[in-house]
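Visitor: Could you have a look at this structure, given as structure tokens, before my questions?
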Amino acid sequence: MMSVSVAVCVCVILGAPAVCHAWIGSDNTGLAFQAENQLTQDSHASLQLSPPPGTTTQPNITDLSVCLWVKVLQFKETSSYVFSYATTDKDNNELNLGIKSEKIVMAVGGKYLYGNMDSEMFIPDSWYHICFVANSTNETATFFVNGEVLNELRLTARDILLNGTLVLGQESDTVGGGYVAEQSFSGIVTAFNLYSRSLSEEEVWEIAKCDVGGQEAGLEGDLVSWTSTDWILTGPVTQQDLTPQYCSQDRHRFVVFTQQRSHDDNEEFCHSLKSSLGVPHNDEENTQLYEAVVPFKDQCQPHNHASAFFLLGAVNKPMEKQWLDYEGKRLNYTNFDTEQTLKSTRCVGFLKPPAQGKWTDISCKLYIKFCAACHQRHHPIVLRMRGLCEQHVISSYFRIEQQLGKVASLRGFTKYYISRDDNATWTLINTWTDEVVAITLAHHVDLPLGRRQWSVANDFALCGQSEGEMHTLSLSACHEKTEFACGDGTCIQLSQRCNMRVDCPDNTDETGCDKLILPEEYLKDLPPPALTPGPLALTLNANIQGISEVDIVNMKLTVDFQTIITWFDQRLTFQNLKPFSDLNYLRTDSVWTPMVDFVNADFPETYTTIPILKVLRESNPEPDDITRPQHDEVFEGGKNPLQRRQKVSAPFSCKMDLRNFPFDSQQCHLHLRLSSANQDFLVWQNLSVEYLGEVQLTEYEVGVVTGDVRQTGGGYSQVTVTINFQRRYSYYFTSAYLPILMLMFISYASLYCPRDNMDLRVMMALTTLLVLFALYQQISDTLPRTSYVKAIDVWCFFAITFIFSQVVLHVAIDVRLPCLRPLKSPPSSSKVKVLDINKRRSGRVLVAARVLYALLLLVFCVTYWGVLLS
């Protein structure tokens, strides 16, 4: 760049004399403000604004446009004001244009407007064309960047007086003064034009693409014309020759690295810098790159290669005469010393001097190592340093810069600068205070990438630490929102951090994966406070997985279930949580967890698994904290609940009512009580109960399962899970009721046996009675002893009585009405007559018994089943 000084005058700024220069711009020159990143309020260019020539109306405007080319060298931490315009000390924000890394700030008549960059950011050492157009007719304000619309906002028409002072490089708090160094501009400005009309989108596009220029095109400002306006330069402001930099947006940048690597390693290294292996695309770039690498020819010359000394980013396509660049596209430019006829994959390198930029094919094998350059189009390579403890994120960004013949250094977006000396010591410097902040040793590396230990050089210069203390800083090109920087500086997707798979070359993505960040004052014996006033609410999901046994003898219900308890602990902070909760486990003894008592369980026979504690990710991570050397996603405990799972198998006491056995329905209760603290601190809430097991059990069918929250007498919150059962009576019907009914029919059939066959009648009735008694005894042994009569007892008792009465009847008939016996002598006529009368009488008794017993059985069955089933 060429610096030019013109006429000198003496100015007075804030009462102190300062050297000023009168200067007029041109199409190929610009003004550089604070080129060495000085933090000063004395660097600016100014002029007195006046109405356009020939204007007779009141000197004010409502429509206006301002366009300029700007290259930021360093940002200020708040805003870097490119220009400002004040008409009075009070009206000092009539026109202001400031640039932040992610937005443009424009003040019009005291109203601030913002043009936000959606996906990109302004990068220092890059040219941008910025236009702002205010249209009073449709009351709009439009931001343009590089000829394209960035934002269109509503702006009420405002009158801007043309009698103030316009200042480049500072923000005015008074007319021509009141500058603040922390809001000043460090960069280059050219083609600054101010118009008293609204430019069209086509005009803005033409200016941005340099399709027109100068006064001949009629697109220079009528209020301020860059090529004809006299500026007064004050302080560190220099003229820069810009031909043709700012209009050439497609230029390539190369950074030479002197560490020897194989072709694949060089590609990987450039990829880690979000760039590509450098290769020239024309003669100009070839000369530029060759001149940049020649100073390093001695240290870049590999010991196992005699002709080439520097690797270029091109490979050939086998069996074809095509060379491909880093994007896999065919190279339209080559500079080989001789014609190449290749039959295998080969790489390209510079021939060593004095070949003057000639290329040669070289082997791509791993054992041959070369120096290489990384290439970036449009913008410099940008890195980010974590762990600086800076309030402003912009201070953590750096760009790689390189001067001819020197190793690469890092220029911060704001105040920092990192360079390497001959002893392989990297030094972090604050250029605003001219103070060494920290140093680190890094032998045989081109850049101090990755996480490294830096020694603090001055007290409180870095994160409040003392001189000599070690502090971890991490430098990488990883994207701030979506990527994780490995320990060596390579980048992986942030979602791959702590996913139980190694993705970093140095395995650092799977180290330090503890999900929990405990505050020092955390007390795990105390329950956490609620998110809202009142006790902490715990959600319970009781998943009943099955019923192992329904013991009606001991009146116990053995249940296999899982308790899932969920709660928030706002005292905690978590990191690297995954949507898949099984990757978010915590140790149960590391935090407070609730204790649950199974109130009506038989504890000697209760079995529980080891509880599992994990975190459920229910929120987005908190904004990234760049003061942490490692990019870990952080989540608040008040937004992401803890969940404790435990499986339980326990027999619960159940008061069963067996009066209707075996047609009974039962209702059993499981009482789960929070015993960690009473309900002033902990309560059950949002109860969910689900039965997942087999519905058809051996003896019962599981019905509705419900749950409700109750308060115990001791003031503890308790959940009661109610399980309803309906007995499956088919077994008892076929094994008890039907056999007993058959026995009663068999006994009843004895009433139809001949009267004379006493033995048959009695034996039939007596045998059925004995079988019935044995069956009843067997049924009773499987039932609990109760003080009340069960339905099956009534059935059995009736059957026993029914058959027993028939046995008594048969005996009574034979005793009271004896049957005929053989006589030794012929009976007298009187005796025969008596016997005939008795025979007829016993027959009538049996006939009557048949009818009565049938009616009795019918009436009992109708009454029994009617009452039971109702």
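Backbone N, Cα and C define each Cβ position, glycine as well.
Checked TrEMBL, it gives:
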type     : residues      : note
DISULFID : CYS486-CYS504 : disulfide bond
DISULFID : CYS498-CYS513 : disulfide bond
DOMAIN   : 35-248        : domain 'Pentraxin (PTX)'
SIGNAL   : 1-22          : signal peptide
TRANSMEM : 729-748       : transmembrane segment
TRANSMEM : 760-779       : transmembrane segment
TRANSMEM : 791-813       : transmembrane segment
TRANSMEM : 847-867       : transmembrane segment
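In terms of burial and nearby residues, how do these features look in this structure?
Guide: Sequence-distant contacts (6 or more apart, same chain, Cβ under 8 Å) of CYS486 (disulfide bond) comprise GLY450, SER476, ILE492, CYS504, PRO505, ASP506, THR508, ASP509.
Cβ environment of CYS513 (disulfide bond): ARG497, CYS498, ASN576 lie under 8 Å away, each six or more residues apart in the same chain.
Sequence-distant contacts of the transmembrane segment (729-748) (same chain, at least 6 residues past either end, Cβ-Cβ under 8 Å): 662-663, 699, 764-765, 768-769, 771-772, 775, 779, 792, 795-796, 799, 802-803, 806, 850, 853-854, 857.
A Cβ distance under 8 Å defines the sequence-distant neighbours of the transmembrane segment (760-779), meaning residues of its chain 6+ beyond its ends; these are 736, 739-740, 743-744, 746-747, 749-751, 753-754, 792, 796, 799-800, 803-804, 806-807, 810-811, 814.
A Cβ distance under 8 Å defines the sequence-distant neighbours of the transmembrane segment (791-813), meaning residues of its chain 6+ beyond its ends; these are 659-664, 732, 736-737, 740-741, 743-744, 747-748, 750-751, 755, 758, 761-762, 765-766, 768-769, 772-773, 775-776, 779-780, 783, 842, 845-846, 849, 853, 856-857, 860, 864, 868.
Packing against the transmembrane segment (847-867) from elsewhere in the chain are residues 744, 748, 751-752, 794-795, 798, 802, 806, 809: each is 6 or more residues past its ends and has a CB under 8 Å from a CB in it.
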Visitor: Counting other CB atoms within 10 A of each CB, which of the disulfide-bonded residues CYS498, CYS504 comes out lowest?
Guide: CYS504
Visitor: Please compute the mean pLDDT of the model over the domain 'Pentraxin (PTX)' (35-248).
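Guide: The average pLDDT of the model in the domain 'Pentraxin (PTX)' (35-248) works out to 88.
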